[in-house]
Amino acid sequence: MKLLEGKTALITGAARGIGKALALRFAQEGANIAFTDLAIDENGKATEKEIEALGVKVKGYASNAADFAQTKEVVAEVHKDFGSIDILVNNAGITKDGLMMRMTEAQWDAVIAVNLKSAFNFINAVLPIMMRQRGGSIINMASVVGVHGNAGQANYAASKAGLIALAKSIAQEVGSRGIRANAIAPGFIETAMTAALPDDIRAEWVKKIPLRRGGQVGDIADVAVFLASDMSSYVTGQVIQVDGGMNM
Ligand code: NAI
């Protein structure tokens with residue numbers, strides 16, 4: 001029996017990277033996949049094809065997750081196309097790093113809007129559907145810096161801390177309706193973003209990780225399957241760090 005058979009998952013910002021890995025892993029477990037990204041370009045189309053090849057229903061939707069009105073429309077469309085939304089992953093995210101002394105209002109606003117407001121937009125639109133279904137699993141993609149902070153990333157760390165508190169609050173509000181909400185806090189994950197770092201900086205990072213390697217997107221996807229599925233039916237309001245032990 002596949003862990004997510006017959007469920008519909010909606011994942012934001014999943015044309016590439018961690019979101020795409022989650023979409024593929026969920027599809028392997030039998031879930032139908034609705035995903036969003038700013039545009040469904042070659043990346044998005046390729047993601048659709050790869051998921052389709054796994055024998056589930058899939059559709060990519062172009063939408064800006066930071067836009068409240070667009071999110072309402074896209075969620076209604078997904079609900080119409082798929083009939084249910086059982087799993088929501090708030091994954092879309094950006095960085096606009098800089099030390100606080102030099103951070104501009106635009107850097108702050110953009111990161112809070114895309115990383116944190118987007119999750120409000122999607123949870124607000126999806127909750128009524130999950131309430132009617134009397135069940136669902138919400139996963140916010142946070143970061144270890146949302147737990148521990150990080151110099152040069154005040155905006156990003158604050159947005160990720162917000163995602164954690166948001167998951168805990170939702171968990172308390174709607175637990176009685178069978179809806180769970182948790183956060184994943186990835187550490188140093190090997191993606192396009194981290195591949196751009198110079199070798200010596202990467203080596204320094206890896207030295208601080210007890211498991212002595214960077215994380216793979218699959219490491220995050222495995223934990224997401226656990227949180228999305230009934231395997232975690234008594235787990236809510238938690239933040240799971242997936243960081244090779246980098247922060248304890
Ligand atoms: P990525 O940049 O490869 O993928 C993010 C996706 O979100 C892209 O496809 C992008 O087009 C999309 N996106 C950006 N703004 C959007 C918007 N306004 N509306 C809809 N989609 C939008 O990033 P990656 O590495 O896959 O990260 C995914 C999530 O995991 C992010 O929330 C990130 O903060 C988080 N994360 C990543 C870590 C890493 O080491 N890569 C570590 C900790 C957390």
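Using the three backbone atoms N, Cα and C, a Cβ is placed for every residue, glycine included.
The model shown is predicted, which means the values in this text are computed figures rather than measured ones.
What TrEMBL says about this one:
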- Tyr156: active site, proton acceptor (ACT_SITE)
- Gly13, Ala14, Ala15, Arg16, Asn91, Tyr156, Ala157, Ala158, Ser159, Lys160, Ile189: NADP(+) binding site (BINDING)
- 7-220: domain 'Ketoreductase' (DOMAIN)
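Residues Ile189, taken from the recorded positions Tyr156, Ala157, Ser159, Ile189, are distinguished by a CB atom under 6 angstroms from ligand 1. Secondary structure from DSSP puts Ile189 (NADP(+) binding site) in a beta strand.
Here Tyr156 (active site, proton acceptor) is compared against the binding-site residues Gly13, Ala15, Asn91, Ile189, and the shortest C-alpha distance is to Asn91. The highest number of surrounding Cβ atoms within 10 Å, among the binding-site residues Ala15, Ala157, Ile189, is found at Ala15. Counting only same-chain residues at least 6 apart in sequence, those with a Cβ under 8 Å from the Cβ of Gly13 (NADP(+) binding site) are Gly19, Thr36, Asp37, Leu38, Ala65, Asn91, Ala92, Gly93. Least crowded of the binding-site residues (Asn91, Ser159), judged by neighbouring Cβ atoms within 10 Å of its own Cβ: Ser159.
For the NADP(+) site, whose binding residues are given in the record as Gly13, Ala14, Ala15, Arg16, Asn91, Tyr156, Ala157, Ala158, Ser159, Lys160, Ile189, the maximum C-alpha distance rounds to 25 Å.
Other C-beta atoms found within 10 angstroms of the C-beta of Tyr156 (active site, proton acceptor) number 23, with every protein chain shown included.
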